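**Student:** Before I ask anything, let me first share the structure, which is written out below as structure tokens.
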Amino acid sequence: MSSCSTSYIDWNFYLYCSGLVLAGAINSALIGFLWTKKRFANYKYLMLAFAVAGLVFSGCNVVVNPIIHMGRNSVVIFSSHKYSRLPKRFAAFVACFGMMISSVFIKVVYRYTSVTKPARLATLFSKNSFILWTLLVVLYSSLFGCSSYFFFASNDSNDQATNEEFMTAFCMTPDEYSYIGAQYYQKNIDNGTIRFHIPSLCGTIILSFLMIFPIFPIVSIICRMFQIFKEPGVPAYASRKVQREFAKTLMIQSGYPAIFVYLPFLLMFVFGLHFSFLAYLFTISVAIYPCINSMVTMIYVAVLREELSKCFCCNRCHRQRVGFIDTYIDRSVAYVMQEMAIRDGAPLP
């Protein structure tokens, strides 16, 4: 009696659909709220971009339905034709990794500039520079997508191994699924010799570089911001409390994908660690990642949390507390001064 089953494939699809529903609700609420507010200055457009990117990424999960399978000498991402038949869909899914990293990098640069040199926000994040930042995201995403498409494409040797494994594990024939994957080596059955698969090795090196390289400037910038907060005087034009809120938000938004998405991906594809829990962790993390960004923003940015509480809580929830008005005014003044710096492009007194 065969022990193969497609329940794991169905479970992945339902998980991605649940993530899309949650991401749609959370990100849509954040987008609708930010669209009607002016107090966040130009920073709100970055938060809007993050929310839209989350919706795109979550939608891509459902369309592609990526599933990790660890073979004897390979790791593949496959999708059942039961849920998706779009061509080149895996390249779009991997490209979303580049979109995630580049978006975090842009947001970190914006926050660091607002802390150290707010007058430069007028030039670095103007309407004209918006095109350049968009091109950066598109270029970096394209590098991810093209690397996976050209270096991890299916081949005859890998097909022979995956066909047998997929029939055993999922009762699927070759015409029922598509895949991309890294095959580390090919073994000759006749004489037992081993030959390394050069395209897969090149692809893993390129993807590793694209994932690891941005981490160093992101970590160094965030560490530098926390050092500035400890220095005497008020950093830039906002209070330490406000700037720490944004710094903590960035730290969580950067740390979550690095630990729960990129690290399992690198461990499986680059180092070839065949642990089932890594595949489960990767799938769950990818499904809920679009929800995490917006939730972190709404929880840790106090002025946004206070505004949202007014929308969902009754009047009894808004009793005045000691120091509440001063804190609220302090944040409001910070955003007004940020808007002045962006509009005028001149140093603040």
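Heads up, the Cβ atoms here are built off N, Cα and C, so glycines get one too.
Pulled these features from TrEMBL for this protein:
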- 13-35: transmembrane segment (TRANSMEM)
- 47-70: transmembrane segment (TRANSMEM)
- 90-110: transmembrane segment (TRANSMEM)
- 130-152: transmembrane segment (TRANSMEM)
- 205-229: transmembrane segment (TRANSMEM)
- 250-271: transmembrane segment (TRANSMEM)
- 277-303: transmembrane segment (TRANSMEM)
**Student:** Does the chain bring the transmembrane segment (47-70) near the transmembrane segment (277-303), so that three or more CB pairs sit under 8 Å (pairs 6 or more apart in sequence)?
**Tutor:** yes
**Student:** In the same chain, which residue numbers or ranges, 6 or more beyond the ends of the transmembrane segment (250-271), come under 8 angstroms Cβ to Cβ?
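**Tutor:** Beyond its ends, the transmembrane segment (250-271) has Cβ neighbours at 50, 68, 70, 75, 97, 100-101, 104, 107-108, 111, 182, 204, 207-208, 211-212, 215, 218-219, 222, 278-279, 281-282, 285-286, 289, 292-293, 296-297, 300.
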